[in-house]
Each structure stands twice: as C-alpha cells, then as structure tokens.
Amino acid sequence: MCGIAGLWQLDCQLGDDQGRARVKAMTDAISYRGPDGEGLWSAPERGIYLGHRRLAIVDLSPAGAQPMASAGGRYVTVFNGEIYNHVELRKALDAEAPPAWRGHSDTETMLYGFERWGIPATLERAVGMFALAVWDREGDCLWLARDRLGEKPLYVTQRGQAVAWASELGALRAGGMLRGDIDPEALASLLQHGYVAEGRSIEAGVSQLPPGHWLRIARDGTRTQQAYWRPFEAAEGPALGDAEALDELERLLRQSIGLQLMADVPVGAFLSGGVDSSLIAALGQKLCDGGLTTFTIGFDEAAYNEAPQAAAVARHLGTRHREVTVRGADALALVPRLSTMYGEPFADPSALPTALLMRAARQEVTVALSGDAGDELFGGYGRYLQYPSTYAATRRVPASLRRRLPGWLGDNGLVDAVGRTVGRPQLGDRVHKGLPLLASRDFPEFAQGFAALWRDPAELMRTPAPRRPRGYGALPGATDALQQAEAMSRHDLTGYLPDDILVKVDRAAMAASLETRTPLLDHRIVDFAFRRPMQQKIRAGRGKWLLRELLQRHVPLALVDRPKQGFSAPIGPWLRGELREWAGDLLQTSLLQRQGLLHAEPVQRCWNEHLAGHRDWSRRLWPVLMLQQWLADRDASRARPEPGAPTS
C-alpha cells in the first residue's frame, strides 16, 4: 500500500522544474502513506509527471521501487495497493513467453500484463485492491484505474490544461489543484449521511474514479471511462443447499485469506469478537505460519466495549492478543487531526477508535486483516430487518391517522418521558425520528428518512444543494421484506461501504503507515454472496446466517452469540464532557453566521438540547463539527504559501 500522485499538462506548457516541484509537493503531503521511499518520473516534452510514496510490503528490494517502467518501455506506472494473485499472473505470463523478471513485485507483474494483454484485460485478471496511473508513451495517453470495490482511493481533477490525480485530497491541495469552492451536493450528502457520497468530494471540481472502472484520457482531453467489473452481473448462479453453500464459502474464504497473508513483512488481524472478525481471525490463525497477532479496541463505557468478548475469542484461537483502551482524553487529542487525516469532513464517529487501533497495530505489524464487508454481503445490519418490519407496521395504521400522529406526539414531551421512565432515553430519540416518516409514500422514502442524520439538509444549508442526496431513496420499490433487505444490502455495497467504511479504514491505516486487507472483498466472494438468496443470509430474525454457521466450525457459538453491537464511539457523553469546549468553540453562532454555509439556529438548538441531556443529538452534531474543524484547518492552510496555480 502506498500513495500516488501525478500531473499531466496537456499543452506541455510547464517547465520541468515547476512540474517536478508541484508533484514533489503532492507526494510530500501524503508521505505517511509511504515512509519507505519516494520516487518521481517525468517526461517534460509530454507534460507528464508521476509521483509515488512507497510502503514496502512485497519485494522490499530496490527492484520494487516506483515509478516503474515496463521492460519494453511503453508503460510507466505508479501503483497503490496489492495484487493478491500476482504469482498466478506471473505463471500465466511465463507459460506464454517467460519475461526477464527484475524482481518479484506485483507492480512489475502488472506492467508485463499491460504489455502482453493490454490494460483492460489485465485489470479483469487481477485480484486485489489498487489505484493506479499508467502513462502510455505510444498512445500518448493516461490511464487511471481503481479496484472493483473501492478499497483504494483515487481523486481526479482538471484545472485548465492541467489534469491531476492523487490518493488523497491533501495531495491535490498541496499541488495547487483545488479551486477552493465547496460542492453543495457534497455538503448535503455529508449532513444527511455523515460522509460524502456518489463519487463526489467536498472540493468542487474534484471527483473520485468509481470502483471497478478505468479512465483513459487522450491528449486532446477526451475521456473514455468504462467499467471492467459490475458487482451484480454474476448474481445468477447455481442453487446451492445450505451444506454446499457453507463448504463453498469456506473454500473461498480460505483461498482469499491465504492470498492476503502473503507479504514480506509481519501480518496481524483486527478482532472485535463479532462474527466477521472472529471468522477471519480463526481461518487466518490456521493458515498463517507462526500464528497471528490480533488487535482490539476497548472503552470504559460498557455499552461500547467489546474487548472482553474479543479476548475470549483470542484465547480460544491462541492468537497473540493486544488490547487498546480508548478514553475521552484520547479522543480530545485526536479529534482536531481528523480533518487533516481524511482531507475533507468525515463524520463516522468510529473513525476515532479506528485511528487509535491502527496506530497501536502498526507498532507490531505492517499488514492487518479486517473483517469488514460481512454485513453488506450477508445481510448483517439490523436495519435490514428493522426498516422493512417497522414500515410494514406503519402501513397497518390508517393513512389519516398516520398524518396526524406526528403533530399529536411530536412536541408534548410524552415520548421523552416514557423513554426516561423505562430507562431508555434513546427510545425517545428514535420515536421522534420516526414520527415524521409515518406519512412516507413508499419504503424507499421511509428507509431514506430513517437512515438520515439530517433528513432534509436544506433546513440547515443557507444555500441548498440543487439535488438532494439519494441514499436509500434510490431503492427499487420492492414490497417483500426480504426483497427490501436485498435492495438495501446492494445499495450499501456500492454506497455506504466504499464511501464510509473503506474511506475510514484506508485513511486511518495510512495515517499510521499500516496496510489493511479485507478478505471478504475478494470479488469472487462478493459474486458468491449475491448469488445466494436472502433466505440463506437472514433466518429466524437474524442476519449473516451463513457466516454464523461457518464460524461454528471454528469457534464455539457461545463466544460470539450476542446481539450485534456495532463499532462506534461514545461521542454523546464525550460532547458533554471532554469534547465540550472544543465543540462549543466550533459551534458559536457568530462563527456559523460569518462562514455563511449553515443556519445557526437549528445547530444551536440541537447543541443546547444535547448539553441539557434532553436529547442525544450527537450523531446530528458530528457532521457539523467535522465540517467546522475542516473549515478551520483549511483557513489555516490558506495562510501558508502553496505552489503557484497551474498553467491554464
């Protein structure tokens, strides 16, 4: 895993020294992504500049350094990620006509593949996570590509005649490639979801290359973008009984984990004690020579603490287990760094413990396996059951009554009083959130509203976005509960997973110079999962049936059979405690009014109600706070000199 950046001045009106300085500034800005080396290649007569920061994982020798040129000289590439089946690809190349290998890096394997099979065909053969840029000397064009599920990021922008790309927004900022305007649709997405969705970025004019796509840019600026893989095209397949499906899933997981354990550096695994991470750790422990080191996060707040369960699983598996406890003071020290770490506002509260976990893991390993994606693939999120059943219950209430109930119950304090009486104050928050949704026209509108942090970002934005974020509102109009769950899981695989979960993990890991790998995102497992009917994923009111059954082959059910806890952080109490002063400074009415982006009144109302303990508005306030911290950091960086604007 590394960091890449580059610049192509289409009209070649850029001096070599200036171009190299600009790309050097870009790679310096993401040096933590690759502390083991740096490289820069240029062809000033073509206006092309490629930069790379290296985190050495496979082939630690100089033969693995980048930028790297193909043996025939046609292609030069910078590559971020890992090709897990590159040994298999080498064997295929050797069988055709053995190349003169210079080392054993996957980057060199890909370059020979480009020369032999072409870029699109090589991407289709590759199994891995990656983002790459390839300069084609003969074609006088630039190729950009991203892995199938979006594990590795790739931002692209153009200002005048200058095209630039990078692993992170901070690199584009350091290269003077940002206009400085905020994309209103990205801001609306942040407020509604807590992250920027649909391939946008908070910076206007900057987009992300979609997962599973390549982009070819010609000298005249013409762009050709094409998918080389689509996640649900293989959704039709042979029917498998339960036993057959379990055997096939275990085979695929063993294959994926075995490939992802290949490295020339120490490998560990994250372990929460839940189904997904326990299964990855169990199989990894059996397949890893010398065994795994496992890492988990703990909290003082019992409702968030999974450390005891993780420790029990680790003892059963016999891993070398490490535990990190997070307290409010740790969060206070890290919070101001989040906007720099992510390059834009990112409001998933679990980014805090994730970053601390990555930092701790990096002290012992360079690569760590993650259990992410089990929920999206195998129906694990509680909302896949809760939203359809709740929606069905509301449909049994007469429409005229559904329209009146929000007005009757919304402001009289009864709901809050009941929640406090039964010792579940969060119950009132959920009911208040659900009341306006009683009048939803259909299930997509209902699900969209329930998942949203701010149901209508327009109530908060002083200049509303021209288009509201789609989210679950784009779901097909399925009527059966399992069909609705399937639709949500597909949406999450192509939306929530790449835009939130994988962003969170990549940036937090890279800030610690740690490579994370996700065995469940081997595309062959993804294809397998979406060939399975929902009846093999959700049974007896619980999700991830296949994963649970498979785990029982390796871990006693009693160690993991508990309600899904989720991985988050206690930001509600932290905002009333250790983070109160930090948050209060960022939410000042005068500051919000001066910035001109958000209405101060709804923000202040939520903040005051939260401080008073009347409501838990922490999830609503968090995207606002992340925006405010990012704006403060951006204003501070503007006071520092940057490279001049590119030639237009």
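The backbone N, Cα and C atoms fix where each Cβ goes, glycine too.
Non-local neighbourhood of Cys2 (active site, for GATase activity): Arg33, Gly34, His52, Arg53, Arg54, Leu55, Gln66, Val78, Phe79, Asn80, Gly81, Ser167, each in the same chain, at least six residues away, with C-beta under 8 Å from its C-beta. In the three-state DSSP scheme, Cys2 (active site, for GATase activity) is classed as coil. Taken from TrEMBL, the feature active site, for GATase activity applies to Cys2.
Annotation note: Asp106 (L-glutamine binding site) sits in a helical segment as assigned by DSSP. The annotation L-glutamine binding site is assigned in TrEMBL to Asp106.
Among the features that TrEMBL reports, ATP binding site is placed at Ile297, Ser370, Gly371. Neighbour list (Gly371 (ATP binding site), Cβ cut-off 8 Å, at least 6 residues apart, same chain): Phe270, Ser272, Gly274, Asp276, Ser277, Ser278, Leu279, Ile280, Ala281, Thr518, Leu520.
Annotation source TrEMBL lists domain 'Glutamine amidotransferase type-2' at 2-220.
DSSP classifies Asp372 (site 'Important for beta-aspartyl-AMP intermediate formation') as coil under the three-state reduction. The feature site 'Important for beta-aspartyl-AMP intermediate formation' is assigned by TrEMBL to Asp372.
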With every protein chain in view, how many other Cβ atoms are within 10 Å of the Cβ of Ser370 (ATP binding site)? 23
Could you round the CA separation between Asp372 (site 'Important for beta-aspartyl-AMP intermediate formation') and Asp106 (L-glutamine binding site) to a whole angstrom and send it over? 24
Distance [Cα-Cα, Å, rounded] between Asp106 (L-glutamine binding site) and Ser370 (ATP binding site): 21
Tell me, how many other CB atoms lie within 10 A of the CB of Asp106 (L-glutamine binding site), whichever protein chain they belong to? 25
Annotated ATP contacts Ile297, Ser370, Gly371, maximal Cα-Cα distance (Å, integer): 14
